[in-house]
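J.: Could you have a look at this structure, given as structure tokens, before my questions?
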Amino acid sequence: MKTLYSLRRFYHVETLFNGTLALAGRDQETTGFAWWAGNARLINLSGKLLGAHVAHAGLIVFWAGAMNLFEVAHFVPEKPMYEQGLILLPHLATLGWGVGPGGEVIDTFPYFVSGVLHLISSAVLGFGGIYHALLGPETLEESFPFFGYVWKDRNKMTTILGIHLILLGIGAFLLVFKALYFGGVYDTWAPGGGDVRKITNLTLSPSVIFGYLLKSPFGGEGWIVSVDDLEDIIGGHVWLGSICIFGGIWHILTKPFAWARRALVWSGEAYLSYSLGALSVFGFIACCFVWFNNTAYPSEFYGPTGPEASQAQAFTFLVRDQRLGANVGSAQGPTGLGKYLMRSPTGEVIFGGETMRFWDLRAPWLEPLRGPNGLDLSRLKKDIQPWQERRSAEYMTHAPLGSLNSVGGVATEINAVNYVSPRSWLATSHFVLGFFLFVGHLWHAGRARAAAAGFEKGIDRDLEPVLFMTPLN
């Protein structure tokens, strides 16, 4: 079989350049990579690489199913989800499964079904992974040319990219169909304190959807993280799904333009670096989304956001002191600013004290008390409902903060519950993983560019300890 590899060099890096695809073994002699380099041994063995990826998918889905069932087994319906260390059930609840008004869990059976379906799926994937890793063909190019590929074949690579985009688009539309036709999703903004509802009136206006992308990422604007109604979220998924599917069809039908052929590095390691870079961006965006957004991640399931807990504390003490006779409209705090209420630089009435930094918080329990110019003093005096007091006291004592210092006052809250919020878990894990993926992106991009330029020498392996050890087998 004619290969597309240059004969420029013979170093053990990135892709083999020794002009052969006949790599029978998966050992260091034939591949240039030792056993611990994992899938690097399989760079030119498309069948075995398929097995590794399918088996990896099986492990991922097995974790999802097992962890799902573990959370179901430990779940106490009387306690809020966020007090129980759950990270999967809140996602299922947000999709509208098993919950009723106010986010109360009324049926855990859908959660059980989800766990079992994932376990069964993981068994299928696990079998497929073992089959392709051990029994299937080493390479797919000869027997299944549709699934075969050569890393330098630009046209085939963009076809594979197109297939991936179409699958992502279908995934986006699955959420749309769930929201529109299959029972709806949980809306924290539903009147009366949140409920599952079908989304009927989608936002499809491009000026609204793409307007989010043009917003500043800073306070008061918040880029796409500022989305606060489900019509926009589901409408955004219609746009995103459509773009992914049409983009996928485009990439399948076309060949890369000349500028793209010149600008990009076309090797397996380069594609790995591009993917890691994209995943890194996704991780950082997800971190901000779960930390700040209480619409896509309802506080009923994930606990309050940091700003929400801080504003809830200010609200709780405003209610208390107002009952004790304080005039919350004019009371001065220790700094000379308003103790309970003050004005933002743009003139809105906002909560005073340390929580002033979170003046742009929007939350379902607080919005009914706002007027055209921020918080409405007459509503604060006459219209506060018991459910708002209960909700804010609950959120005040469940700040997602651990024991940081400058946190809008709530770290000193003596009634706080000692727990770790799922928001903290999800935000920190996605930030850390996003950072590691970024480092991996830089590493593999550097290696891929050097290999393409022809000056990558690799690590000098003459004195490598592993070469002096007896073989594992």
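Cβ atoms are placed via backbone N, Cα and C, with glycine included.
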J.: Write down the single range among 44-68, 69-93, 419-443 that appears in Swiss-Prot as transmembrane segment.
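T.: Matching range for transmembrane segment: 69-93.
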J.: Among 291-312, 313-334, 357-378, where does Swiss-Prot put the label transmembrane segment?
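T.: Result: 291-312 is the stretch Swiss-Prot calls transmembrane segment.
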J.: Pick from 234-254, 255-275: which stretch is listed in Swiss-Prot under transmembrane segment?
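T.: Based on what Swiss-Prot states, transmembrane segment spans 255-275.
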J.: Do any residues, 6 or more residues outside the transmembrane segment (69-93), come within under 8 Å Cβ-to-Cβ of it, and if so which ones?
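T.: Distal contacts: 99, 103-105, 108, 110-112, 114-116, 119, 186, 297-298, 300-303, 394, 398, 417, 419-423, 425-426.
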J.: Does the transmembrane segment (291-312) reach the transmembrane segment (134-155) with at least 3 CB pairs under 8 A, where each pair is 6 or more residues apart?
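T.: They are not in contact.
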J.: Checking distant contacts: for the transmembrane segment (255-275), what same-chain residues at least six beyond its ends satisfy Cβ-Cβ under 8 A?
T.: 14-15, 43, 151-152, 154-155, 157-158, 440-445, 447-449, 451-452
J.: If we skip the immediate neighbours and take only residues 6+ beyond the ends of the transmembrane segment (178-200), which ones have a Cβ under 8 Å from one of its Cβ atoms?
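T.: Result: 93-97, 99-103, 228-231, 234, 294-295, 298-301, 364-365, 387, 391.
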J.: Including all protein chains shown, what's the count of other C-beta atoms within 10 A of the C-beta of E367 ([CaMn4O5] cluster binding site)?
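T.: Taking all protein chains shown, E367 ([CaMn4O5] cluster binding site) has 11 Cβ neighbours within 10 Å.
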